[in-house]
Amino acid sequence: MATGSTELLIGWCIFGVLLLAILAFCWVYVRKYQSHQESEVISTITAISSLAIALITSALLPVDIFLVSFMKNHNGTFKDWAESNTTRLQIENTVLIGYYTLYSIILFCVFLWIPFVYFYYEEKDDTDGSQCSQIANAFKYTSGFILVCSCLLLIGAFAPLDIHTNKNSTDLDKIKLLFLELGSSNGLAALSFSISSLTLIGMLAAITYTAYGMSALPLNLIKGTRNAHYERLENSEDIEEVEQQVERIMSKCKDGRPLSSKDRQALYKLKEKLRTLKRRDRHLEYHENNCWTKCCIVIRPFKIIWGILFILVALLFIVSLFLSNLDKALHSAGIDSGFIIFGTNLTNPLNMLLPVLQTVFPLDYIFITIITMYFIFTSMAGIRNMGIWFFWIRLYKIRRRRTRPQALLFLCMILLLIVLHTSYMIYSLAPQYVMYGSQKYLWENNSTQETAIGNSSASVLKDCDASAPEDQCTVTRTYLFLHKFWFFSSIYYFGNWAFIVVFVIGLIVSCCKGKKSVIEGEVEDDDSDLSDDEEHPYA
């Protein structure tokens, strides 16, 4: 057992290193986008902490998979220190406690801390009242989120878990036995239901932003941006044209006659357009003379290579997701069981790759980290291109060094929910890996064969799957926690199809769109001239 404990400690040590790397990444990421003029300590700490907690939770997934895989030898037998079911349960409970803690913190962030900080700054902007009144109003609005959280916990604690279906009773027994491993605690069910509800919202965010970002980001890297010099020449022509239109309207009142309401309205619009064009000219002049713009020309081939790599990775994900969903559609136990699969019938590339990588520790750790970071960057690309919307109303724009505290909190909330959904996405891409890792078991063949001694049964080494004997394979806590309620799994299944459709639509749209402006997102009609100081000084 001492040897096993030492080796298991390696997995947790790497988790600790990842934790530090995650904190550093979140700090750099948030500081990159926050407005330096409107920077607030509380909003910055809240954004960094909430995003870090989500990423740390996702980092538990490879630890969980490593632990269940490490308990078994390559020949399908349990290692000496893991032969006791009690020992295996204790090891897995350490992961479960980790999930308990981190998911509880996520609920606290989503339903209390982030809403409170958001409404506090909204009150700070809208009113000139005292700080006490701002805090009181923020708590008043936050109480609605606390009520929603309480309802989710109550529903989760008492929601029926029985699977009603006319499928084969043997399959039903296997499904029920899987989830009995996690226990029947009402507290655990309540937490699982609440987190699954948030993961459902994360699925909608992933369909909206990540699916589009997976196609937009690589194609933007491949196509590049327009030339700053030629773009500035076009902008100068537009400025001259608008100035001529303004002069024509102003010439009507040279003799002292007042302008008509129609002319006044047209003059106002032209002056606003002229103001925006002049701001664009200042930004284009800066980019035209900027050293970084010249460096981008040199590294352009590398951007094209990265773009090609990203689009290949995106296609790999989509193909794997399609094959996994198709496998569920053809061979699963049905919608009433959450489309659980008994064995892998249609093998996808990622489901084959991850168990192989796990044999050389920590390659699977690195690969899972790359997948999570890929989802983060593509989600960010989608959010930057689209902005944060509520139905048809755009709430906030996300721009480097110019994002307001409220928008930053919204951004980190969306990314937190998307990262929560990442665990299920990885399961969809590699179901066998997420459920059992690289575990194998010995299957006793019922047929007998004659030997010199007599008749004997043959043992076959098989990969663990949902049809394996209960005492031969250990299911990860991640899978059981996120799939305790079968109806969420069914919704996730249809969400995966929606994800594929949105990706294809986004790919077509991105291919049809031309090159982006070199100052894309830097200048908007509703920006003030003072906002230029966020980007760079024009002295």
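Residue numbering: from 1, along the chain as shown.
For all residues, glycine too, the Cβ spot is worked out from N, Cα and C.
Per Swiss-Prot, topological domain 'Extracellular' is recorded for 1-7 (among others).
Among the features that Swiss-Prot reports, transmembrane segment is placed at 8-28 (among others). Below 8 angstroms of C-beta separation, residues 48, 51-52, 55-56, 59-60, 63, 66-67, 70, 91, 361-362, 365, 369 of the same chain, each at least six residues beyond the ends of the transmembrane segment (8-28), sit close to that stretch.
Mean model confidence for the topological domain 'Cytoplasmic' (29-47) is a pLDDT of 81. According to Swiss-Prot, the feature topological domain 'Cytoplasmic' maps to 29-47 (among others), an assignment based on sequence analysis.
Look at Swiss-Prot and you will find 48-68 (among others) tagged as transmembrane segment.
The topological domain 'Extracellular' annotation in Swiss-Prot covers 69-98 (among others) and rests on sequence analysis.
Under the heading N-linked glycosylation site, Swiss-Prot lists N75 (among others). Note: N75 (N-linked glycosylation site) has non-local neighbours K440, L442, L461, i.e. same-chain residues 6+ apart with C-beta under 8 A of its own C-beta.
Within 10 Å of the C-beta of N85 (N-linked glycosylation site) there are 11 other C-beta atoms, taking all protein chains into account. N85 (N-linked glycosylation site) falls within a helical segment according to DSSP. The N-linked glycosylation site annotation in Swiss-Prot covers N85 (among others).
The transmembrane segment annotation in Swiss-Prot covers 99-119 (among others).
Marked as topological domain 'Cytoplasmic' by Swiss-Prot: 120-142 (among others).
Marked as transmembrane segment by Swiss-Prot on the basis of sequence analysis: 143-163 (among others).
What Swiss-Prot lists as topological domain 'Extracellular' is 164-186 (among others), and the listing cites sequence analysis.
Annotation comment: Swiss-Prot describes N168 (among others) as N-linked glycosylation site.
Residues or ranges marked as transmembrane segment in Swiss-Prot: 187-207 (among others). Long-range contacts of the transmembrane segment (187-207) within the same chain: residues 100, 103-104, 106-107, 110, 149, 152-157, 159, 161, 375, 379, 414, 416-421, 423-425, 481-482, 484-485, 488, 491-492, 495, 498-499, 502, each at least 6 residues beyond the stretch ends and with a Cβ under 8 Å from a Cβ of the stretch.
What Swiss-Prot lists as topological domain 'Cytoplasmic' is 208-303 (among others), and the listing cites sequence analysis.
Taken from Swiss-Prot, the feature transmembrane segment applies to 304-324 (among others), supported by sequence analysis.
The helix, strand and coil residue counts that DSSP assigns across the topological domain 'Extracellular' (325-362) are 20 helix, 2 strand, 16 coil. Annotated topological domain 'Extracellular' per Swiss-Prot: 325-362 (among others), in sequence order.
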Residues from the same chain, set at least six apart from the ends of the transmembrane segment (304-324), whose C-beta lies under 8 A from its own: 214-215, 217-222, 224, 346-351, 374, 378, 425, 428-431, 496, 499-500, 503
Among the ranges 99-119, 363-383, 407-427, the one whose Cβ pairs under 8 Å to the transmembrane segment (48-68) are most numerous: 407-427
Other C-beta atoms that fall within 10 angstroms of the C-beta of N345 (N-linked glycosylation site): 13
Alpha-carbon spacing, N345 (N-linked glycosylation site) to N85 (N-linked glycosylation site), which is rounded to whole Å: 30
